[in-house]
């Protein structure tokens with residue numbers, strides 16, 4: 001059961017990563033190119049006798065294969081973690097089956113892993129950000145992600161505690177309020193980072209950040225909508241049509257084994 | 001499991017009038033080993049896309065950083 005959920009999570013994540021690659025290529029790459037042009041124009045010319053900085057990886061590789069591998073690996077990894085989150089959430093939040101559960105977990109994951117960290121420490125294009133502060137910026141970014149994920153877990157637990165008394169809808173509102181309060185407090189307390197050069201075009205920065213947030217939105221939306229139906233079929237297999245005797249026998253076997261394990265869950 | 005103790009897996013009538021079974025939670029002890037193993041591997045994957053040869057460096061050099069460069073920027077990680 002868990003093995004199949006994990007495999008489907010990674011498959012859905014890979015597919016989501018490919019769509020995110022397409023979205024990022026179309027909407028994000030023009031902004032990355034424009035930012036690199038600004039970066040190169042502002043870089044000091046190489047000293048006499050010194051060669052210009054050599055490209056380790058060509059721009060076309062970065063834009064094509066490099067971006068595809070990055071979004072693909074990220075998608076698979078997020079998909080695997082997503083499958084585990086859905087396995088835990090199934091039957092524990094709300095009364096819906098796996099499709100609504102996956103949708104709720106995807107929205108929550110998008111907000112906690114992408115939107116909240118983005119609002120505090122937004123994505124930056126090349127030419128923005130001082131390389132000397134990368135350690136501190138990375139640390140703060142990771143802390144913001146962890147705080148938002150922890151806040152989501154606390155909020156979900158609060159929602160579970162009050163759902164019997166308030167009903168599912170009001171419990172979800174209470175959970176959302178707890179989450180909002182916790183991440184707002186964290187965002188206010190955590191230090192501000194602003195390393196955008198005054199000369200960097202505001203319009204270009206806005207378009208880059210919109211493309212970055214959109215890439216994450218495409219990834220999470222695809223993940224939730226693709227994983228839901230796949231996992232739904234894992235958890236409640238449809239009665240097998242009697243096409244082949246072998247298929248039927250295997251379906252019966254699955255049903256028998258799931259009945260055998262069911263009492264241990266109670 | 002306290003989650004399922006009160007709810008019978010049998011069909012329960014809901015507000016809409018349609019009868020459908022309440023989902024039975026998957027036992028946590030079945031999930032935990034997968035969560036630990038997959039969690040570690042998945043986080044390693046995210047680390048390589050997001051931070052190797054940026055703030056941290058396991059392999060050394062700049063090839064990995066340059067290869068995933070655009071993805072790192074567009075996925076929202078601090079890059080350089």
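Even glycines carry a Cβ here, placed using N, Cα and C.
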* **The annotated transmembrane segment range in TrEMBL, which must be one of A:213-235, A:236-258** => A:213-235
* Asked: How about the transmembrane segment (A:171-193) and the transmembrane segment (A:65-90): at least 3 CB pairs under 8 Å, pairs 6 or more apart in sequence, or not?
  -> no
